[in-house]
Amino acid sequence: MTSTMATTPHPTAAKPSSDDLTEKPTTDTVEASEASTPVHKQLAESRRVLVVCSLCMVVFIAALDTVAMTVALPSIVQNLEASDSAYSWIASAYLLAQCVTAPIWGKFSDVFGRKPVLLVANALFFAASLIAALSVNTAMLLVARTAQGVGAGGLLVLANICISDLFSLRERAKYLGLLGAVWAVAVALAPLIGGALTERLSWRWIFWINLPCIALSILLLATFLRVHNQGTTLLAGLKAIDWLGTVLVIAGTTILLVGLQFGGVTYPWSSATVICLLLFGILTLLAFGFVQWRVSTSPLIPSVIFTQRSNIAVLIVCFCQSLAFMASAFFLPLYFQLVLGASSLLSGVWFLPLALTFSVFCVATGVFIRRTGHYLAVIRVGLLAMTLGCGLFVTFPSHADWPRIICFQGVAAIGIGLNFYAPLLALQAHLEPPKIAAGTSAFQFVRMLSNAISLVIGQVIVQSQVQAQSAGLLVADVPPSLMAQLGKGNIIEAVASIRELSPGQQEKLLNILTFGFSRMWIFYSVVSFVGLMASLSITNVRTQSTQVGVKSEEDNIEMGQQAGVEVGSKS
């Protein structure tokens, strides 16, 4: 084995076999370039199906663990005797770790190859799930949840990157839509699965069920996945990593999200602690941006991504869509529980109109883009529907109005589903193949950061309405302890306490909560409209059906050189 800096493929390097999963189009059609015989073509398709199923499986598990824990938190707190601060961190540590590590996984996959990095992410998630299931105290569970989040960040980022490597820009729309549908189904089923496991068995089974799924995924991916692999030595790879940028993005994102988590719960928003955390977090992220732009020779997020107005608009759309999506996924079930009195299981059932419609339109979007090659109309129509849907949520009353609950969720779901992966395709259409992994990582980073911020913003708006109406609640003799829970954002804990109030007290409190939710949906409808305005700056590039993310050995070498590593060649 020798390692040399190369600009052309090694003369003795073996050509990929015709049944490789990475497409190498050399003729007018993908099919002709993919297999020389029907048997080889059938084998390639079988492998591809198994790989896509494996990627869908890891996306499902990662999404499931995002929401299922919410239902189990009261049982976990009681079982492990967790403090109030630990209560919130058990849920948020997972999202925070996902967000912090998203840009790093893409860079690692460029340097060390998709397959080994994806397998490492799977192994990390497996080990973290095992530790979480065996946790005997809060500290052990928090460490496990953080490690789970790191692994989940890798699973979500690498799943999208691998789809981008395996399929042409137009073809990948269908499979990205499938991943989006899987995510939606997982989010919808998470309260049902989490509640059933917690009530019938134990909260630990939320983690136990991950193990066979991830183990099967590791086996299938190790056997059948064939995508871009640099063959970089460990030392050369470590030298190629932008460690300064890595430290800055981890530190900046962590400080910012910790400040958001502390605000209004552990400390008042006006406290020096929260203000300093938010300020230093923003300044550190600005320093990260400067390092990527001016200092780093192999940046985590190349500045070329931000040189086109269309790409910036796509990331703004991604941020706005993710804000609205996470608000819908978290606060609609919460509205069903707090205001309408549904159980955790029933709230999951009532959320199905949005989740199922979202899933259908994710897949339909992929099919439409695959057939037509157009994504711009999809993005704009989706943002219009999302704006309308969030606006309609403003009218939700303090009692169950089923026509509104079902129809309005459907309208919002159409918009969210149309924009779950279409913006990513718009971003990739403007990037050269060597930049697709970095662009995908940047997209996922923006999405995860937006998800984490969305939960904080929504809770702050509802909290502010409860606090503004505190005088009326005192007159109605609502217990101060319950008001304190709501004022600190401990909304999930407050569900049981609300059921113990008298009918008059419940009516007063539920009217205030309904008003708080309506103010919150006004904010998210404005956010959706901002995304719609940003979409006007996105330009359309007709997608091709014969161009893939990594087309040839020359592309692999170019990707390695742009990552700043030596590309090893076998002799």
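Numbers run from 1 along the shown chain.
Glycine too: its Cβ is placed from the backbone N, Cα and C atoms.
According to TrEMBL:
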type: COMPBIAS; residues: 1-10; note: compositional bias 'Polar residues'
type: COMPBIAS; residues: 17-26; note: compositional bias 'Basic and acidic residues'
type: COMPBIAS; residues: 27-36; note: compositional bias 'Polar residues'
type: DOMAIN; residues: 51-543; note: domain 'Major facilitator superfamily (MFS) profile'
type: REGION; residues: 1-37; note: region 'Disordered'
type: TRANSMEM; residues: 49-74; note: transmembrane segment
type: TRANSMEM; residues: 86-105; note: transmembrane segment
type: TRANSMEM; residues: 142-163; note: transmembrane segment
type: TRANSMEM; residues: 175-193; note: transmembrane segment
type: TRANSMEM; residues: 205-228; note: transmembrane segment
type: TRANSMEM; residues: 240-263; note: transmembrane segment
type: TRANSMEM; residues: 269-291; note: transmembrane segment
type: TRANSMEM; residues: 312-336; note: transmembrane segment
type: TRANSMEM; residues: 348-369; note: transmembrane segment
type: TRANSMEM; residues: 376-396; note: transmembrane segment
type: TRANSMEM; residues: 402-422; note: transmembrane segment
type: TRANSMEM; residues: 521-538; note: transmembrane segment
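Taking the domain 'Major facilitator superfamily (MFS) profile' (51-543) as a whole, pLDDT averages 81 in the prediction. When Cβ distances are compared across the two stretches, the transmembrane segment (402-422) makes no contact with the transmembrane segment (49-74), since fewer than 3 pairs at least 6 residues apart fall below 8 angstroms. If you count C-beta pairs under 8 angstroms between the transmembrane segment (521-538) and each of 86-105, 205-228, 348-369, 376-396, the highest count goes to 376-396.
With a cut-off of 8 Å on Cβ pairs spaced 6 or more residues apart, the transmembrane segment (205-228) and the transmembrane segment (49-74) reach 3 or more such pairs and are scored as touching.
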